[in-house]
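Listed in TrEMBL for this protein:
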{"type": "COMPBIAS", "residues": "373-394", "note": "compositional bias 'Basic and acidic residues'"}
{"type": "REGION", "residues": "365-426", "note": "region 'Disordered'"}
{"type": "TRANSMEM", "residues": "6-29", "note": "transmembrane segment"}
{"type": "TRANSMEM", "residues": "50-72", "note": "transmembrane segment"}
{"type": "TRANSMEM", "residues": "102-127", "note": "transmembrane segment"}
{"type": "TRANSMEM", "residues": "147-165", "note": "transmembrane segment"}
{"type": "TRANSMEM", "residues": "177-197", "note": "transmembrane segment"}
{"type": "TRANSMEM", "residues": "230-251", "note": "transmembrane segment"}
{"type": "TRANSMEM", "residues": "263-284", "note": "transmembrane segment"}
Amino acid sequence: MSSGSPPAYLLWAVLACTFQAFMTLHLWSYDRFQCLKWSSGRQPGAFKRVMTYSYVATVPLLVVFSVAVTILKYREGYVTILDTVLPTPLALWHHNHLQWVLPLYFVLSFAWAFELVTHLEELTFWLFLLHQGPSKRNWFHSWEFRVWYLGSMIAVLGMPLAALVQRKDLDSCVAWIFLSGSSAGSLTTLCFVYVLARFPAFIRHVKLEGAEPDVVIRLSTFYHLNVIRVIFRFLFNIPLLVVGADGVAGPYPVLSHPFWPDFLIMIGGIGCFVSSAITLLIFFPRSITRESGYMSKNISPPPPQTAPIFTMHSGSLPRYQFQDPSSPKSGDDIYIYNFPNDTQHSLYCPHLPPHHHQRHFSEDIDVTSPDSDIDHEPDTSEYHRGEERSDATWDLRPSTSQSNKARMQPMASTSLEEEASTSAPGQAVHPYIMTFTSPIDLLDPEADEYLARPI
């Protein structure tokens, strides 16, 4: 703590208090602090509680540390060493002030441990979603989740342990905290660059699979926020890593300089609180659209206004002769058979008026071979109507009782809705994404099915 002047820690205190006020206002606007309740979330559980309370507890701990250190720093003031004005070293502090140093180091270590828990959860969760294959894995049974809780236990135990081991040497104690915390934070931030590199393709995949517009917009917003957050995480970890490494290794070329310790600590504080504020927006995302009372919905394309035209081209069928049906039926159906007005076409009949070349398929249309001398009555038993407008399949096949006769008839086929159900959108996207709101508020379909089972 001897490194860094009072103004450097004053900046930490101002940023911490400002962020605490911002978080309070944001959570109030989010759901009136309902997210802080023990049973909050769509599926309350230990994971949601650990992530919520560990993140929310980080900011008050940083407020306590920064404000207390600022007060102590200003009370101790500066000393002149070799014609250089420097902050008072810990060896020259009053005993009443010195006894607060080690407890404040533990406060900083726990706050940094909770920060590592948050960073590691985001990294492993997005890796879990990016690595989904044909089989939908469960987050709580995945290797990414095991990496998260093992890494979280190491962080929660390791950071305070670093302060405990170095409690006899207070000058190097804060250096070890800076070194261990910033090393782990830099590693997770570097791994998150891989997530950002694959995130645009992931968003395109989710959009093509038919996710809700709110989900796609939220993922796109999170992507841009994560890009900014990664930049500020580097600004948080790298300067403090330099301070920690110089304080542990010596001969202190950075800490002995009157400018660099203050500059690095200030940059680290800005990166810490800005990245934490972005994390707040991701963990507890507000939707101004929903808060204003609007709901987004998918707009399906309008159905075609014109009926499909089926045109018979020359050479595609044997030469048939068109016969007008004896008892035409109502022309309510929209299926239209278009006979080309080509005099060379095999189906063109010059003795018929032009309107006979385009008729409704609701009529029974017989086309007989010129070689056949048998009169045939319209056979309506071979007519089958499709249930949908655009799903009719026309089959030209000889009748079993009339070998020289072929009839045009619509065949029943699968409707567009049935075809869509066989390849429903979202099959290749994990249900966590289809119902995504926040990385810490997960909706597990398997848990819902388990809870819905009769006892």
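Using N, Cα and C of the backbone, Cβ positions are placed for all residues, glycine too.
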The transmembrane segment (177-197) versus listed stretches 102-127, 147-165, 263-284: most Cβ pairs under 8 Å: 102-127
Grab the same-chain neighbours of the transmembrane segment (50-72) for me: Cβ-Cβ under 8 Å, and only residues 6 or more beyond its ends, written as numbers and ranges. 1, 6, 9-10, 12-13, 15-17, 19-20, 23, 35-36, 40, 93, 97, 100-101, 104, 107-108, 110-111, 114-115, 117-118, 121, 269, 272-273, 276, 279-280, 283, 440
Go through the chain and flag residues at least 6 beyond the ends of the transmembrane segment (147-165) whose CB is under 8 A from any CB in it; none is fine as an answer. 102, 105-106, 108-110, 112-114, 116-117, 120-121, 124-125, 173, 176-177, 180-181, 184
Under 8 Å between C-beta atoms and at least six residues away from its ends: which parts of the chain pack against the transmembrane segment (230-251)? 3, 119, 171-172, 174-183, 185-186, 189, 192-193, 196, 261, 263-265, 267-268, 270-272, 274-275, 278
Which residues of the chain, 6 or more past the ends of the transmembrane segment (263-284), have a CB below 8 A from one of its CBs? 3-4, 8-9, 11-12, 15-16, 18-19, 22-23, 26-27, 30, 35, 51-52, 55, 58-59, 62, 66, 115, 118, 122, 222, 225-226, 228-229, 232-237, 239-240, 242-243, 254, 438-440
